[in-house]
Amino acid sequence: MSAPCHCKHAEELTDTFSSSSLSYTNGKLSVLSPELQAEFQDPNHPANLICELCRLFYDNNWVTGTGGGISIRDVDGPNPNLVYIAPSGVQKERIQPWEMFLVELPDERIIRTPNDIPKELTKSYKYKPSACTPLFISCYTMRDAGACIHTHSQHAVMMTLFLENEKEFSISHIEQIKALPKLKYNEETKKIEKIGSMEYYDKLVIPIIENTPHEEDLTDSLQEAIKNYPGASAVLVRRHGIYVWGETVWKAKVYNEAIDYLLELAVKMKLAGIPLVKE
């Protein structure tokens, strides 16, 4: 991976706020604390990783027109219950680390918003929480995920159109399936556990849920799909896109890339009249 964001926000922070100390005005951060400086300059911090991945996903045509979203749980930090979420309505290729919403699990309490950050950085823009937030939270609470990705991949949308009357997408006997985890529900722990990786002969099954006028209204359907498909690491949303999660941000990235590859291939197979599942 290259340095996050491919921009100079870290240097700008050092130049502009190197002597800042923490203070509040009417409950808002009025100057940038040393802690926030360190956070925004750490290339492996979740806020910076979201920026890096947003730019990569934008280049892949997955999050254009402010669509899509990414969230990362700080699994390696002092508080693994903290979740960083990209805001709603921002251009993903220009997103900055200080634009994230910070939510704490399990009570979903908002710890920090971009509106708490000094206006020198945010230019007085009024940020809104991502409409994907309740869906991201569902992935964290139901699957103990470390990251959740939502894209508007055209391959995902096209495949749900090919399967207009179907409730799931299936494909088998494709090498790329090996990149995805083999999951199983543990009756004793009542949790989904990874028992290895999928194999060439395995059949990948991803549930499809129906789209709704508002993103947050997808929550119940997403939760139902997660419950009914314990072996899935993703949920397709018809005529909309896909949600993908993983135990870490890098696993989620790999799963998303592998699934998108399989969806693109599946679209071509459909057009060529080739069955997606080999008997």
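Cβ from N, Cα, C; glycine included.
Mapped onto three states, the DSSP output places GLU175 (active site, proton donor/acceptor) in helix. GLU175 (active site, proton donor/acceptor) is surrounded by 8 other CB atoms, counting those within 10 A of its CB over all protein chains shown. According to Swiss-Prot, the feature active site, proton donor/acceptor maps to GLU175.
Annotated substrate binding site per Swiss-Prot: CYS132, in sequence order. Within 10 Å of the C-beta atom of CYS132 (substrate binding site) sit 24 other C-beta atoms, taking all shown protein chains into account.
Around the Cβ of HIS150 (Zn(2+) binding site), the number of neighbouring Cβ atoms within 10 Å comes to 31. Swiss-Prot lists HIS150, HIS152, HIS240 with the feature Zn(2+) binding site, giving sequence analysis as the kind of evidence.
The separation of HIS150 (Zn(2+) binding site) from GLU175 (active site, proton donor/acceptor), Cα to Cα, is 24 Å.
Non-local neighbourhood of HIS240 (Zn(2+) binding site): HIS152, VAL157, THR160, ASN211, each in the same chain, at least six residues away, with C-beta under 8 Å from its C-beta. Residues GLY67, GLY68, THR151, SER153, ALA156, VAL237, GLY241, ILE242, TYR243 surround the recorded Zn(2+) site, their Cβ atoms falling within 8 Å of the Cβ centroid of HIS150, HIS152, HIS240, which are themselves excluded.
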